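In Swiss-Prot this protein carries:
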TRANSMEM  124-144  transmembrane segment
TRANSMEM  190-210  transmembrane segment
ACT_SITE  D272  active site
BINDING   D331, D333  substrate binding site
ACT_SITE  D425  active site
TRANSMEM  503-523  transmembrane segment
TRANSMEM  528-548  transmembrane segment
TRANSMEM  653-668  transmembrane segment
TRANSMEM  673-693  transmembrane segment
Amino acid sequence: MAPPGVGVGVAYLWGKGRGGRKGTPVVVTMESPNYSVVEVDGPDAEAELRTAAVAMDKGGGRGRSRSRTARQLTWVLLLRARRAAGRLASFAAAAARRFRRSPADAADELGRGRGRLMYGFIRGFLALSLLALAVELAAYWNGWRLRRPELHVPEAVEIEGWAHSAYISWMSFRADYIRRPIEFLSKACILLFVIQSMDRLVLCLGCFWIKLRKIKPRIEGDPFREGSGYQHPMVLVQIPMCNEKEVYEQSISAACQLDWPREKFLIQVLDDSSDESIQLLIKAEVSKWSHQGVNIVYRHRVLRTGYKAGNLKSAMSCDYVKDYEFVAIFDADFQPTPDFLKKTIPHFEGNPELGLVQARWSFVNKDENLLTRLQNINLCFHFEVEQQVNGVFLNFFGFNGTAGVWRIQALEESGGWLERTTVEDMDIAVRAHLNGWKFIFLNDVKVLCELPESYEAYRKQQHRWHSGPMHLFWLCLPDILTAKISSWKKANLILLFFLLRKLILPFYSFTLFCVILPLTMFVPEAELPVWVICYVPVCMSFLNILPSPRSFPFIVPYLLFENTMSVTKFNAMVSGLFKLGSSYEWIVTKKSGRSSESDLSTAVERDTKDLTLPRLQKQISESELIDLKMQKERQEKAPLGAKKANKIYKKELALSLLLLTAATRSLLSAQGIHFYFLLFQGVSFLFVGLDLIGEQID
């Protein structure tokens, strides 16, 4: 960098040479990301620099000014040369990227183009629907409307002019050419709908059988009674986190209070935070518990690649991991009870084929708003029915990524954590299953966590959960076909686990209720039966709500919201199926930091008071302590009532207008059930499109 005096002179001369024109600073960035040249050309900075230059001229004399002018001209030439070199380098880099694009860049660009393509398709569909509605309204007011079952072509004497003739020609065209492909597609979607409904019914019957026979994994005797001689195995506890300042404290606190001999377990806080202030806060929390005698270490990666999988993979590469037999994983918002290890670890005893013990999630904010209530319905069914049934009858299910205990040997023999997808939990579960390891699910062991309270956070979470599996399917398919497991297990993995529950469900849900149904309103010759629109979906929603009976009043909002979410899930499924850019994205779900107990804030405040200043000074540096104080002051000065803004979702709004348009058309045909379904579904899309469901984003 140039000396301060030289920089002042350059700015002053540069401003004079340009006639005092105001502008914005010009930043020339070279190929090295750590080197940049900033040329000041802004109104405020220029005035300050001119004042400084005048002051220097008054104190330096004429001779010194001449020598300084020569140096200034030299620096001006150097700056211009560097700027030209930077532009040349940028041009060369852009040209190189154009001819040497990485697959990820190409996929990302394709993903953005696909998103625009889908939105364009919805807009085009909406425009055609509005045009068709205008035609139908004109026909209705002129008395040309023909009822669906009795469609016929009028005789020549009945035609009342060229407009009526054109309308009759349109009716004949749609009956002869448009009706057949719509009927074929609708029948295919109805078939998929029936298959998926049967799968859900079988799962519910399996859950009923488990409840009736009281089937569940059990521990023989009480291994922790006095005099039992139980040898506590070595357990590693991992807490991966990334910029989650709202929840880090309570998750670390809960892990440190696990009821297990302290010499027999170690806690790894795997911090991938990019915010240095959050890193300091987490370090201080780790230091506090370490001072209290807990075996806890703080790990931070310099190269944060691979998202959560890369974080876990890096932690498992430590030399001391070989001394541990099991690893328990908790995300940053999870709060295990003190007896968690005592309820899970004994299941491994005498069961060498057992690779995973998965606990159930419980939600501290399930009653916070309508969005969290609807999520609770979905996840209660997932754990109570899907995970429990698959665990009892198949000894296999998708690992939920947290609140589970792995046998480290199972992880290592299955290839460990891989960074190839954003669903590393499902990836390792499939590979472990192919290697012959068994899983059990403990429905009565619950770990507290949070649900996303804003639609934006929930939408991003669902996108990752539905794009990752389809991407993983292509990666695992060769291994599934060549694995040394039974044919029915291969069929279960391919047909049920991946295709039916990860691909078919979002496909038919979006296509049937958001495309075909409104389309049949304008092509009444291809009508959908009422049982597909109303009766079967209501029955399936009733089955979904059975595991959470208190949510029964929300059965209708749940049905409508699930159809609304089909847009996001279909979008994610397509991106994962074709390996587009958005299937590689990992966005940490926003947390609110809600506690599980009403007095948790009091307990945290009490612990904070115990963390005295001298104790902190022994464990973190003085500069870090100053940063912590400044961070606390900024939090205290922050406004309490931050203004929140609603985000507009264009796809949902466009689909809302489309469905409301189709509802208007169904009203002309006196289709009662079709009209009410389209009306309520359109209003549901409208609420979501205007971000009126859940907590608004800051």
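Glycine is treated like the rest: Cβ placed from N, Cα and C.
Structure coloured by features recorded in Swiss-Prot.
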residue : record                 : DSSP (3 states)
D272    : active site            : coil
D331    : substrate binding site : coil
D425    : active site            : helix
C-beta crowding around D272 (active site), within 10 angstroms: 22
Distance from D272 (active site) back to D331 (substrate binding site), taken between C-alpha atoms, in Å: 12
Contacting positions for the transmembrane segment (190-210) when only residues 6+ beyond its ends and CB under 8 Å are counted: 216, 384-386, 388-389, 392-393, 496, 500-501, 504-505, 507-508, 512, 528-529, 532, 536, 539-540, 543-544, 546-547
Spatial neighbours of the transmembrane segment (653-668) far in sequence, C-beta under 8 Å, 6+ residues away: 119, 122-123, 125-126, 129-130, 132-133, 136-137, 140, 145, 514, 517-519, 521-522, 567, 674-675, 678-679, 681-686, 689-690
Chain residues in Cβ proximity to the transmembrane segment (124-144) (below 8 Å; excluding those fewer than six residues from its ends, i.e. six or more beyond): 160, 163-164, 167-168, 170, 515, 518, 522, 654, 657-658, 661-662, 664-665, 668
D272 (active site) versus D333 (substrate binding site) - Cα distance in angstrom: 15
Distance, D425 (active site) to D272 (active site) (CA atoms, angstrom): 18
D333 (substrate binding site), number of other Cβ atoms within 10 Å: 23
Residues that sit under 8 angstroms from D425 (active site) by C-beta distance, when 6+ apart in the chain: G398, F399, N400, G401, T402
